[in-house]
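Sequence annotations record features per position, and here TrEMBL assigns domain 'Nucleoside phosphorylase' to 60-310. Taken from TrEMBL, the feature phosphate binding site applies to 100, 144, 145, 146, 147. Feature annotation from TrEMBL assigns substrate binding site to 223, 225.
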Ligand SMILES: O=P(O)(O)O[C@H]1O[C@H](CO)[C@@H](O)[C@H]1O
Ligand SMILES: O=c1cc[nH]c(=O)[nH]1
């Protein structure tokens, strides 16, 4: 059995958080100081090859989501919503030199894709947090805008996460570090969640709630689906599990929120998770709504976040 440790996040080394008190991003890795150059390999960016402070120093809002197309569409939408000058068609993928992630910058907003699942978003977040640090960004708010499966709520409902929980409904993320399991808290920013709920009331064009979000390692068996290539449980066991999730406060299921919450919390980023539900898992497993309906659903978190950003910038 591997030892399970509370997170110290510094491996016994002095914490490197000298920027922490001024709204800068905390980087908790003293080894970074020893690097002559930091190569952000999956972004195709680096501290020697790119002037990160001039490229990204004004970033105040970072929005992340699974799909490159969604994050491009979000960047174009924000360009229009903020009334920025220039042709939005010229908004280019900053990570075009690699096909791992896509990144778009429009004014103070950075929009980045993270792929599917904890390992994929975790790699992206390591490099993003270092990028924000190298660029000397201050007072950054980061929001995951995603899709999810709802439990006991109308499809199309937007869920703002108060707590991200694991498959055992625990508010924690377990990271294997060397041969140990390090347990990290999955707190999200309460005030930000409340501010987002308030924005949703002002838009009032789709249902929005605050609830727990369960994060799993798999879309099929891991989320209690009966329609994967493998299924090792009965229909009754599925419903019993989803009912228990509902009773513990879970309102939606996705695949990135625990590591997102844990890493952002440790690094001092104000973070939120806002996901639309594509179906009610108590009514089925397959995502069967039309393409048009699903496209419209995916725009809901974007509309909410655009409203929030405009409010923060005194544009609405
Ligand atoms: O809609 P996005 O942000 O990609 O996220 C959700 O969709 C994917 C599964 O279809 C998972 O990554 C889940 O978290
Ligand atoms: O059911 C769903 C829908 C979207 N994303 C998930 O992770 N699960």
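Heads up, the Cβ atoms here are built off N, Cα and C, so glycines get one too.
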Contacting binding-site residues for ligand 1, chosen from 144, 145, 146, 147, 223 when the Cβ sits under 6 angstroms of any of its atoms: 146, 147
Max pairwise CA distance, angstrom, over record-listed phosphate binders 100, 144, 145, 146, 147: 20
Residue, out of the binding-site residues 100, 144, 225, whose Cβ gathers the largest set of other Cβ atoms within 10 Å: 144
Close-lying binding-site residues around ligand 2 among 100, 144, 145, 146, where CB distance stays under 6 Å: none
Cα-to-Cα gap, residue 146 (phosphate binding site) vs residue 223 (substrate binding site), nearest whole Å: 16
Cα-Cα distance linking residue 223 (substrate binding site) and residue 147 (phosphate binding site), given in Å to the nearest integer: 14
Mapped DSSP class for residue 225 (substrate binding site), helix or strand or coil: coil
